[in-house]
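Step one of this worksheet: look at the structure below.
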Amino acid sequence: MSLKLPRNWDFNLKAEASKIARSRSVMTGEQMAAFHPPTTPNPLERPIKVGWLKKQRSIVKNWQQRYFVLRAQQLYYYKDEEDSKPQGCMYLPGSTVKEIATNPEEAGKFVFEVIPASSDQNRIGQDSYVLMASSQVEMEEWVKFLRRVAGTPSGAVFGQRLDETVAYEQKFGPHLVPILVEKCAEFILEHGVSEEGIFRLPGQDNLVKQLRDAFDAGERPSFDRDTDVHTVASLLKLYLRDLPEPVVPWSQYEGFLLCGQLMNADEAKAQQELVKQLSTLPRDNYNLLSYICRFLHEIQLNCAVNKMSVDNLATVIGVNLIRSKVEDPAVIMRGTPQIQRVMTMMIRDHEVLFPKSKDAPISPPAQKNDAKKAPVPRSSVGWDATEDPPLSRTDSFSNTASSPDATSPTGPLPSDQHQEDSGKAPRENPGDWKMQSRKRTQTLPNRKCFLTSAFQGTTSSKLEIFKNEFWSPSSEAKAGEGHRRTMSQDLRHLSNDQRTSTYDNVPTSPQSQGNPAGALSPPASDSKRDALVSTDSEMEAGSKNSGEDDLDSLQRTVQSLQKEIETQKQVYEEQIKNLEKENYDVWAKVVRLNEELERERKKFAALEISLRNVERSREDVEKRNRVLEEEVKEFVKSMEKPKTKTDP
């Protein structure tokens, strides 16, 4: 048996799919949540923020009270706080959170909207959440947390990632830190160093909000002389608080807290650990932290007038630079003392922790063709960006000292020196930083110093004066700061002595007189090369000695800690024995008191029995008295009756 189907039947499912899509497009938020059941939240995952908000329905436009939970990257809402199954959820990364201005008739409504990231722009309005908070403060808190989880900038400046802000503002000129931070710091240094309670007293909230909106709108407002200094300080703190990730990244929060804990035991060790933590910061974060610490150091120099010492500034600013990812009051209270100590050290010792030699001024990208570079004026000093990976500090110093102009080849390197340089691996990954540190190029007079011919190199072997060992967790970075500083000073003295002898005492060869770029004789260069190689060996030996010194100091520290632990152990054992003895005495006393109490109870029971017996005896005596009274009355009556009979 065969089944015949009509010829006009259409098996195309596109029409049905379009009908389903149209029917879904007019669903309300609750219906969409039912159509796409929300993912079950992980109960073990700690919520970032919870609270009651009013949610506007999609079609009817009325408000419904819902309990919202911000957990991980999802925003859930429930009908009741006790419910375990959410009515809906939204995936926040890439979403947009914006505040909605209300009409004057709707005063008292604090409305904001969460728009999910979607390629279908026609359905954004259907999927967005329009929410209303009970107060302005609550709305700002929700907006801040939602924007932080969404990872999108809230505006041109506030709430934007630090690296994005710095990269964007390079079109206005080279800036190490955001323009907002520069303008606020310059204004405070000019008008606020003598202001009492700077950074501690709040500014005008409405003016702070106006300035924030102006910066977010792309404007660059300038502060006039009448602007309140406390308002500018509050604006700076607000910018630091609104960063999606703090200046000290969340991944290094525990490391900085550890530095604060080590300061109680060994401040030198804490400083070394802090140097390691600073070396792993992103370049933009390091520049901003360095700028702020130097700026705060200038503020505290006038602490006799403004009443803001290093400790006070560290307390009010540290929580804005170093904060936990989960803003739990218990976590904040636990980390506040350590943050205050670390911030105090960074402000007080900023010259050691943030040396100016580590500052890398930002310049426009270098031209690919070096021949097109503008010539540097004679007898002038400039800074040129290095493009190659940095080498060791000794290599970079020797090569830079040998050739003031790294781009001018004067001949091949000697074979032994070339092998020595090629055998040394770079200590730092060039990809770790967007911009390498800068080298100093110097144009000298016509007479070249003999250091010029000591080491010749090509364009591919550009070197820098100072190797950024500060940024790499190498063994030399573990040495004491004083040792490194002495090394660098000795090298600078050596370089100055060599340069002076070149200008004054070294005769030029005929080749150098005929050609300003010529080199001196090979014997002079060989002797100078030997001197520099010996300097390299001395520096390596110094680094080894410093490593041994660090090991010895570490061993001594461990031994002292072990002794301290043994002493504390003995003290604790003595205390435990004393407590056990006191506990036994108390227990014996309790037993004795219990026995006495039992005896008192028995005595009390016996007294009660005696009292009852006395009561019974008294009752018996009273009964006998009443009986005797009756008998006496009867006897008296019987005696009176015979007398009456005898009278007649």
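Glycine is no exception: its Cβ is also placed from the backbone N, Cα and C atoms.
As annotated by Swiss-Prot, coiled coil applies to 540-641.
According to Swiss-Prot, the compositional bias 'Basic and acidic residues' annotation covers 417-431.
Taken residue by residue, the domain 'PH' (46-151) breaks down under DSSP into 25 helix, 42 strand, 39 coil. Annotation source Swiss-Prot lists domain 'PH' at 46-151, citing sequence analysis.
If you look up Swiss-Prot, you'll see 160-354 marked as domain 'Rho-GAP'.
The phosphoserine annotation in Swiss-Prot covers S363 (among others).
Annotation source Swiss-Prot lists phosphoserine at S396 (among others).
The phosphoserine annotation in Swiss-Prot covers S403 (among others) and is backed by a large-scale study or a structure entry.
Annotation source Swiss-Prot lists phosphothreonine at T407, citing a large-scale study or a structure entry.
Sequence annotations record features per position, and here Swiss-Prot assigns phosphoserine to S537 (among others) based on a large-scale study or a structure entry.
Annotated region 'Disordered' per Swiss-Prot: 356-559, in sequence order.
R200 (site 'Arginine finger') carries neither a helix nor a strand DSSP state and counts as coil. For R200 (site 'Arginine finger'), the number of other Cβ atoms no farther than 10 Å from its own Cβ, over all displayed protein chains, is 16. Here Swiss-Prot flags R200 as site 'Arginine finger'.
For the domain 'Rho-GAP' (160-354), the model gives a mean pLDDT of 89.
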